[in-house]
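Peer 1: Got these off TrEMBL a minute ago, pasting:
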type     : residues : note
REGION   : 1-86     : region 'Disordered'
COMPBIAS : 21-48    : compositional bias 'Polar residues'
REGION   : 98-122   : region 'Disordered'
DOMAIN   : 189-476  : domain 'CDC20/Fizzy WD40'
REPEAT   : 308-339  : repeat 'WD'
REPEAT   : 445-477  : repeat 'WD'
REGION   : 483-506  : region 'Disordered'
COMPBIAS : 496-506  : compositional bias 'Polar residues'
């Protein structure tokens, strides 16, 4: 009983000792494997299984590979890449280069006397020659994956089906907001002596494709179809036209028959210059420097039908709504007034505006009505305002306001797209196309060297003409219909019972 026990369980201290010896044996074996690695071996990619050993010296039972302890990489399998296609020399060189750089930095910081360990100029030159012979490029500027040569060109007979994606000459669909808009003018006309006055309206485009423009003391007619020019009238020295407007159905207080180049009648009613005009069938409305608006019936001997007094300063903008229910007037008093409709029996007798819109901070000359929403009015302010505002005239509410960063000289809605174009002054003197109602800029049309005075739209709605203070008229084909759309515009038909005042202007 007092003797040494030879049978029974192994003591705990002995188990710990055996476990520590087994661990030291594992470390030695692993270091031996690492030291025996030969990087020069080459061959195809081989998937091998890491052999599993039992680290218990007492138990010699072998374990199947499936029962090997799993490694953090996911199982006991590992993938050995193709050594023949791997540039170990380049990898070793780059790693060594970074390692030496970090060691030199540490030595410079920790020991200032370590100059003997720094590479000598001869060593640096030697390394440079080695890197050149190995064709080692700069790892910071060289792409890892790139073609050494350009891709071969396609055969001459090959047709790229995706060419439309990058051909800028092809108009794109407006549904994605990416249609092609030419940003240069299609044609430039000389307009010498055009008066640089923000409050005058010296340009208009008729439904018969005739453009009228006032240049100095003369009024000219330009046929946009044939390009012919005709002088309509020349006033005495010091006198000039202040506003021009075509009658809708074919028409003018001076009323001219342009076909015969003959003045039909003179209609007075204002005490100062008339700077704005707007037609409503046989009725022409005129706005004056005296702040009044006068309705003239061109059929009647007593032409003066009504006078509206809603502005304290010059009326510089007039526009009838598409359904002729409202008249919008803009003035130098920063107001936009909306007046009631013209009734079948004549003009409404109300002398007060239906709505007084007073949120602009400068003169309002730019006015235009939305062609597909007759109750929506767009107005633009001058230099101190620079905003385009949208109004619902049914209740007089402000729908939206956009700061354009420059004077708004003119506004036109497109009849082809849900867009509008604005004309501007300093600093870029540009025309800007906006998507409505998001008011995202679609394009900026530049070319005028001075502010744009006025805009006019062609009868087919595809071309915009701009008159600039740089004495040029520019045509912009910015609203051309998309040729890919199946919708075809119907041919123009002559209106029945055309007025005898056809081709007359105010």
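Placement of Cβ uses the backbone N, Cα and C atoms for every residue, glycine included.
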Peer 1: For the repeat 'WD' (445-477), give me same-chain residues lying six or more residues beyond its boundaries with a C-beta closer than 8 angstroms to one of its C-beta atoms, as numbers and ranges.
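Peer 2: Distal contacts: 182-194, 196-198, 200-209, 211, 213, 224, 407, 409-412, 414-416, 421, 423-426, 428-433, 489, 492.
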Peer 1: How many of the residues that make up the repeat 'WD' (308-339) does DSSP mark as helix, as strand and as coil?
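Peer 2: For the repeat 'WD' (308-339), the helix, strand and coil counts are 0 helix, 17 strand, 15 coil.
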Peer 1: Tally of helix, strand and coil residues over the repeat 'WD' (445-477) according to DSSP?
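Peer 2: Output for the repeat 'WD' (445-477) reads 0 helix, 17 strand, 16 coil.
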Peer 1: For the domain 'CDC20/Fizzy WD40' (189-476), what is the mean per-residue pLDDT, to the nearest integer?
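Peer 2: Mean per-residue confidence for the domain 'CDC20/Fizzy WD40' (189-476): 88 out of 100.
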